[in-house]
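Participant: My questions will all concern the structure given below.
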Amino acid sequence: MVKIDASADLDWTNLPPQQRLGRIIGGKYINDSVDEAGPISAERPLTKVECDLPLTYTESVEGDGREWVVLTFAPADPQDPYNWALSRKWLYTSLLCGMTLFIGCATTVYSSTISRMVLSFDRVAEIGQLGLFTFNMTCAIAPLFLAPFCELVGRYVIYVGAYLCFSLCFIGLALGRNIATILVLRTLLGLFGCVGTILVGGTFDDMFKPEDRAIPMSLFSYIAILGTVGAPIYAGFVDENVGWRWTEGIQGLANIPLLVVIVLFFRETRGGVTLRKRAQLLRKDTGDDRWVSREELEAPGLKDALYASSVKAIQMLCTEPVVFFFGLWIAFAWFITFLFLSVISITFSEGKHWAEGIAGLPYIGLVLGCTLAFGANFLQIRKYDSLRAKSNGPLPPENRLYGAMCGALFLPIGLFIYSFSQYPRLHWMGPMVGLTCISFGIFFIFESCYSYTSDCYGQSASSAIAGQGFMRNTLGAVSPLFAHQFFRKVHSQYAGLICSVVATGLTFLPYILFKFGPTIRAKSKRAIVYPADNGDILPDAEQPSPDDSEQISSPYEKERSQEEGHIENANIPETTTTTNDEKNRQGGAELHSSDESSNSTEDEVEDALRIQHDDE
């Protein structure tokens, strides 16, 4: 792979404009309808080659003492994931959500098998609970180190490989002869499961334009929570009637049809991979090694990528108040989720003496709550879209908090209701109402934490979210280890009351950030300061120009709009950080503007107002 060091000074200002921009096409694609005499031809001269190459835009830049010709997508390129048919995008979205659902089910279906499993192995229940711990701890640690490697080979290979290994683990879980085998396979299950899901947000970034990502991301959050809280509904009946091994076996068999569909119908979504293959084809066909994709030029080295995904993630978790407190909030929500895997059995199996299968039905309350929250979240999306339509520029992230300020209130309310309605003599409907409120609040906590963090930190959002994910999965991992002891020794009512009080304190977070968020962001080295922040502006040297509202959108989008005779309004991306694929659609103007600060320190680069987003 051709590679320029990240600190290289790329410049094209010494080249005449007609030599900077161009188009190239070759082979069977030459017969396609291509404008060779219109205005675009004067701006971008057309070059023809012998190899089969779709129409591709080119741009000459200079760096590291030599010239490079960078390939980018043409506006109507059918191989650009942004230009795919909506049906194809939603097919891929459905496949990824299905995979996420099964991975979420695998997280908690194990909890329903622990009692019979440890009995068959003659072990205490606490040893069985380690299976939940190892799964979640792997999900906490592995993404910090594996995310950069996932970017090297493309998404398709990772999805297929990880999901195949994930499915195979169930063979060992169903046939395991001792508890050690089960725990090792649960660790591997967490490893392969997290590798598959950490790429989903980035895949949506690949396919959907920023203004179209809210619904896919909201659906993904809903499915992730749904699988986690819904698995015990059926797992208890399976475990009770055919045994714990079949609980794992059925889960593994259910993965096979989806795996086959993913292998056959899913394709690579990263546009950067497509452009890299085109550059490799041109280098091979022409013998000229100047042809490169933007990803090859600007992708960070493995060392830098590992730093961003691990060291920087923990550093931001420890030094950025927004990252830490939102991470604490979402970690507490995940803690409650796994805590109730044990608490519900105490309430209904031990307290009300329900059979194992029937005792899993109260999880329907959790499913109902997150489903209602998913529907209610469309009010937040509509509110944000209406504010964006009225705004002349990008909206600050505080506009993401309306849903949390209302919806998150249901978490402490639900915990309080559940705590004092779980007495054996009281009707079962009381705890069910509490569970519904709990999951309703948890959904809005997840949605607001990730959307606010991504808008707040821009290019550093993926590191911030990785740090929050580490805290979330760590707390989720330890909660099953002491849940039974906590609720028995403190008593269920008072243990629930303690959780309710903590949840009440954390519920003030969105209100505090809604009022003081601009001030907090202005004092941060990494957070974005928006033009709309009242009284909080960048220093003159970093102040955005009047045209920055246009630069927030991809210059590729701006260029295409100009060719159509108009310029669309800029929009804030819905998800995490700037992907290489979005950069592949960008013209030379942004490349130059980013290179002017290439010799600056990392903090200075991240403080610049570049409000584009990526993913996990």
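Heads up, the Cβ atoms here are built off N, Cα and C, so glycines get one too.
All TrEMBL annotations are machine predictions without curation.
So TrEMBL lists the following for this protein:
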type: TRANSMEM; residues: 90-110; note: transmembrane segment
type: TRANSMEM; residues: 130-149; note: transmembrane segment
type: TRANSMEM; residues: 156-176; note: transmembrane segment
type: TRANSMEM; residues: 182-202; note: transmembrane segment
type: TRANSMEM; residues: 214-237; note: transmembrane segment
type: TRANSMEM; residues: 249-266; note: transmembrane segment
type: TRANSMEM; residues: 322-348; note: transmembrane segment
type: TRANSMEM; residues: 360-380; note: transmembrane segment
type: TRANSMEM; residues: 401-420; note: transmembrane segment
type: TRANSMEM; residues: 426-446; note: transmembrane segment
type: TRANSMEM; residues: 494-514; note: transmembrane segment
type: REGION; residues: 535-616; note: region 'Disordered'
type: COMPBIAS; residues: 556-567; note: compositional bias 'Basic and acidic residues'
type: COMPBIAS; residues: 607-616; note: compositional bias 'Basic and acidic residues'
Participant: Between the stretches 90-110, 156-176, 182-202, 322-348, 401-420, which one has more Cβ pairs under 8 Å with the transmembrane segment (214-237) than any other?
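Facilitator: By the under-8 Å Cβ criterion, the transmembrane segment (214-237) pairs most with 90-110.
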Participant: So are the transmembrane segment (426-446) and the transmembrane segment (156-176) touching or not, going by 3+ C-beta pairs under 8 A with a sequence gap of 6 or more?
Facilitator: no
Participant: Given a Cβ distance threshold of under 8 angstroms, which distant residues of the chain, six or more beyond its ends, lie next to the transmembrane segment (322-348)?
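Facilitator: Long-range Cβ neighbours of the transmembrane segment (322-348): 108, 111, 132, 136, 225, 228-229, 232, 316, 354, 358-359, 362-363, 366, 411, 415, 422, 428, 431, 435, 438, 441-442, 445-446, 449-450, 452-453, 456-457, 464, 467-468, 471-477, 479-480, 483-484, 487-488, 492, 496, 499, 502-503, 506, 509, 513, 517, 520-521, 524, 527.
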Participant: Suppose I define contact as three or more CB-CB distances under 8 A, residues 6 or more apart in sequence; do the transmembrane segment (90-110) and the transmembrane segment (156-176) meet it?
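Facilitator: Counting Cβ pairs under 8 Å, at least 3, so yes.
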Participant: Who are the chain neighbours of the transmembrane segment (182-202) in space, where the CB to CB distance is under 8 Å and they lie at least 6 residues beyond its ends?
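Facilitator: Contacts of the transmembrane segment (182-202) (Cβ under 8 Å, skipping residues fewer than 6 from its ends): 96, 99-100, 103, 106-107, 110, 117, 130-132, 134-139, 142-143, 146-147, 150, 155, 158-159, 162-163, 165-166, 169-170, 172-173, 176, 217, 220, 224, 575-576, 579, 614-616.
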